[in-house]
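Report on the structure given below.
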Amino acid sequence: MFWVLVLLSFIVLIGDGMISEGAGLRPRYVDVGAIFSLGTLQGEVTNIAMKAAEEDVNSDPSFLGGSKLRITTYDAKRNGFLTIMGALQFMETDAVAIIGPQTSIMAHVLSHLANELSVPMLSFTALDPSLSALQFPFFVQTAPSDLFLMRAIAEMISYYGWSEVIALYNDDDNSRNGITALGDELEGRRCKISYKAVLPLDVVITSPREIINELVKIQGMESRVIIVNTFPKTGKKIFEEAQKLGMMEKGYVWIATTWLTSLLDSVNPLPAKTAESLRGVLTLRIHTPNSKKKKDFVARWNKLSNGTVGLNVYGLYAYDTVWIIARAVKRLLDSRANISFSSDPKLTSMKGGGSLNLGALSIFDQGSQFLDYIVNTNMTGVTGQIQFLPDRSMIQPSYDIINVVDDGFRQIGYWSNHSGLSIIPPESLYKKLSNRSSSNQHLNNVTWPGGTSETPRGWVFPNNGRRLRIGVPDRASFKEFVSRLDGSNKVQGYAIDVFEAAVKLISYPVPHEFVLFGDGLKNPNFNEFVNNVTIGVFDAVVGDIAIVTKRTRIVDFTQPYIESGLVVVAPVTKLNDTPWAFLRPFTPPMWAVTAAFFLIVGSVIWILEHRINDEFRGPPRKQIVTILWFSFSTMFFSHRENTVSTLGRAVLLIWLFVVLIITSSYTASLTSILTVQQLNSPIRGVDTLISSSGRVGFQVGSYAENYMIDELNIARSRLVPLGSPKEYAAALQNGTVAAIVDERPYVDLFLSEFCGFAIRGQEFTRSGWGFAFPRDSPLAIDMSTAILGLSETGQLQKIHDKWLSRSNCSNLNGSVSDEDSEQLKLRSFWGLFLVCGISCFIALFIYFFKIVRDFFRHGKYDEEATVPSPESSRSKSLQTFLAYFDEKEDESKRRMKRKRNDDLSLKPSRPI
């Protein structure tokens, strides 16, 4: 019996050894390190969440096949050195992964260690956009990178129409690189960071006065949109000091990054002082869908935290990060790979290390395989779908946009990389096509600082007491637009009145002073004038400034306050106005022939209708009136007499067509004569100007000179500079130039005084005049809105009429004779008259042939009554024919029929 017991004991020992050796493939514990500052808000929340995840993973022994996940948290105590020591400690204890570090500064340092020892490092708080997978392949961000956070903020700024922002941030990698990313995103939207206020890392402890100093600087600046990218403790202090300085009032815009939402979620309620200082602030939170998993975890939180701290989004990502590691461990163990570590030859070969035990740092042999399992994770966690893109960024990054209000905070919308700004949850939009158009971007109403719901302008004039220097051209001609008052530096004119009226419509004061540019002896060069805005000589320039492409590249223009464009002016003559102007369209022969045909056609119709139409019968006087009335009423197609004969209708139809052509031509010609001036120059527009060899005048200082040389390829030798309207007129009259090219407003003013000239052809450029401001100047936008307001209310037109609506033109440089005018001549219509005449002749021929035939057939009965002499016989026949012609056809037929019957009754009857 004793030996049996010994044998059984030996078998058990052997079995235990075999089991232990086999179980080596699945270790009892898989170690994971975590490095956080547990005294911080993030550290406290993430530590609780990681422990909960560890318990959930280990609650199912089958998940890791009997192995357990063991997470050891190292408290870095906000100290960089301790953070490094914690990482080294985990590398010595064979940790397969490290969760952390908490800050991007340490992530940059420790990522080199992770790369060397092949230990994956996962962080959901170190979200620096510069931590790339190419540089640090073993560093994985398990929450959306701050690159997307800055993209969301940039789209918000663009959505509200702000062009400049101020960045206030701590001098650390995460904050600094985040602001750099923001600057890049803003630049693509024509916005910019106008000032960067950098605060030391420990500013609250070591130099709190530095916060006040920076806020005072910001207070005196132009921009009122401030981005705060810092830590919760620093951020709280910033807003408290800003409130004391009156910077949480109407007009300011404050946007805080995700640090504020973590504070709002975890500390509830906030201290009254802090809550009051945050009213009206916008902030963002990483979006996590409201899934059942999330709701269940939120419900557990109070029990997990014992009510000491609220759950924020970093707690959710901490929980999911543990599960990412656990699933990767499961896949590694399921692949039957041993979890093993080996010495790093680079470290073991180091000599003179003193007491440093660098040889204890070992390489994770399966690190690359384990990393591959991590980045290929595809799971649904409490934060939603977890999946990495090829560049290691999280799939479908999105944010909640939060507005801090009196009773806490409220959500005003979302941002997602898929669809931009929306009031619909991003997960509802992922199945739709991406639409990033401005019309598809929406957010709900915001309560801004100061309690206002009106979107702040985002900028004010700098509070430095300096007035804006507004450049004004000191013109030598066309002073209706801009001119210096005699004996002073004051200015007046159309452009000045428009500017002053627009300034009055702006809802804030615009202190300014006008500064003259030029000597007043000749017009200044406007390209140089505009360039002075770029180099800072002027804060803006006002005047008759054409908006052209070259200038828009260096300055921003307002909405045009007057339309403009280049036109060609050439000499003309004009017909003298007379009471008989209505006779000008036709030459005298044309009038005579037209009048004759009215009478001829009327007579022909009377002849054709006289015997059969009662309306063309009656006493001679009535018939003459009928002929005249019918003839001339056809001019207006208002004749009331009906034609019943076929021939009459045919003639009338042809005549009405002729009348239609004549009246239409008359109307068009009269309109042209009364409204269009007549040329005595071969220049008919820009095309003939280019092809001609004549000299061309232009206004000194105008862009027309460069345009003709560069765009129209007109030789510089053909161009003649002119300085005033009088020089224009003299040059055109004496033939110095064949034409002048200038902008339309100048030309209109010139023609109102000198009427012997006219615009030839159409405007061959389209532009306008505006006021120029520095690039991205918010004042340019407000001035444009004000100019539109002036236009809509009619005030802009009143200013125009005050300065430009005048006409002193009384002397004419010539007149146009009948031969030179565009009168309608007979040769243009002889074909119509010929057709009408032939039709009348044919109709009369047919008619007389028919009536003569009928007369000789029936009229002989009248002649048989007497046998006169030959002379009297011819006279009697003519009288009989005329009587027959004048007799109504029906009566003639009845008379002839009656006479025939009488003749038959007088013949003797034949005997029976």
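In case you wondered, yes, glycine gets a Cβ from its N, Cα and C as well.
Site annotation for L-methionine in Swiss-Prot covers D544, I545, A546, R551, E743, R744, P745, Y746, and the matching candidate from Y430, Y666, Y703, Y847 is Y703. For the recorded positions N417, N435, N532, N734, C755, a Cα-Cα cutoff of 10 angstroms around Y703 (L-methionine binding site) retains nothing.
Within the chain carrying the transmembrane segment (650-670), a Cβ under 8 angstroms from the stretch's Cβ atoms is held by residues 581-582, 584-586, 594, 597, 601, 604-605, 608, 634-635, 637, 643, 822-824, 828-829, 832-833, 835-836, 839-840, 843, all 6 or more beyond its ends. When the binding-site residues D544, A546, R744, Y746 are ranked by how far their Cα is from the Cα of N338 (N-linked glycosylation site), A546 comes first. In three-state terms derived from DSSP, C755 (disulfide bond) belongs to neither a helical nor a strand segment and is classed as coil.
Looking only at Cα atoms, A546 (L-methionine binding site) sits nearest to C755 among the recorded positions N306, N378, N435, N445, C755.
Secondary structure at R744 (L-methionine binding site), as computed by DSSP, is helix. Considering only the glycosylation sites N417, N435, the Cβ with the fewest other Cβ atoms within 10 Å is that of N435.
Looking at N417 (N-linked glycosylation site) and D544 (L-methionine binding site), their Cα atoms lie 45 Å from each other. Counting every protein chain shown, the Cβ of N445 (N-linked glycosylation site) has 11 other Cβ atoms within 10 Å.
Looking only at Cα atoms, N734 (N-linked glycosylation site) sits nearest to Y746 among the binding-site residues D544, R744, Y746. Using a 10 Å radius centred on the Cβ of N306 (N-linked glycosylation site) and all shown protein chains, the other Cβ atoms total 8.
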